[in-house]
Ligand code: 5RP
């Protein structure tokens, strides 16, 4: 296992400390969350079950014998665990590298606590080095791409990806996102955009960062 994966795994296992008995756990998507689901399986008898942000995570959870509930039956959750492609010091994130951004954003919005699990390579001062994913309705591809160019980004259609919601993804290169909240609002307001992978308004509450010397915990400042 390479160092990055080791650090992802370390942070994922540290997340177990934040789980209370009887809880329904919101579960994100991605390689870090793969390790989290492995860890979660070791305490599966003390949790009630999970809700999942993707078909991939649903099958991983079910393979581990963890019951997955349909999100539509809930209007709030106590806790959500997910990773990020980038996270800044204000706990704002770029997500969607795994194309699950829309369901992730829904679960993040309805959760009282968002615990972001990352290895230290994900920490940045300014968001935007990682291409910003946007889930869009397929027929809006050209229009949204044109509007993204107007705000200084370089959109690239992500080939061979259909999201769990039946949509497509564009990844936006060369953005230096100095004001993530207004950028999130601006892109979300374009017709055809389902979700932009900027998690700025609803940022993380706690970040568990896997480093060589251990787990660093950062809490959101009010
Ligand atoms: C999926 C996500 C993931 O959290 C993000 O891509 C990080 O993934 P990984 O844990 O594989 O580095 O947003 O849509």
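Just so it is clear, glycine is given a Cβ too, placed from its N, Cα and C backbone atoms.
Annotation comment: TrEMBL describes 29, 30, 31, 32, 82, 83, 84, 85, 95, 96, 97, 98, 122 as substrate binding site. Secondary structure at residue 122 (substrate binding site), taken from DSSP and collapsed to helix, strand or coil, is helix.
For residue 104 (active site, proton acceptor), the count of additional Cβ atoms within 10 Å of its Cβ stands at 31 [all protein chains shown]. Here TrEMBL flags 104 as active site, proton acceptor.
Taking Cβ-Cβ distances under 8 Å and a sequence gap of 6 or more within the same chain, the neighbours of residue 122 (substrate binding site) are 83, 84, 85, 86, 87, 209. Other than the site residues 29, 30, 31, 32, 82, 83, 84, 85, 95, 96, 97, 98, 122, same-chain residues with C-beta atoms no more than 8 angstroms from the centre of those residues' C-beta atoms, the substrate site, are 28, 33. Mapped onto three states, the DSSP output places residue 31 (substrate binding site) in helix. For the pair formed by residue 82 (substrate binding site) and residue 104 (active site, proton acceptor), distance between Cα atoms is given as 8 Å, rounded to the nearest Å.
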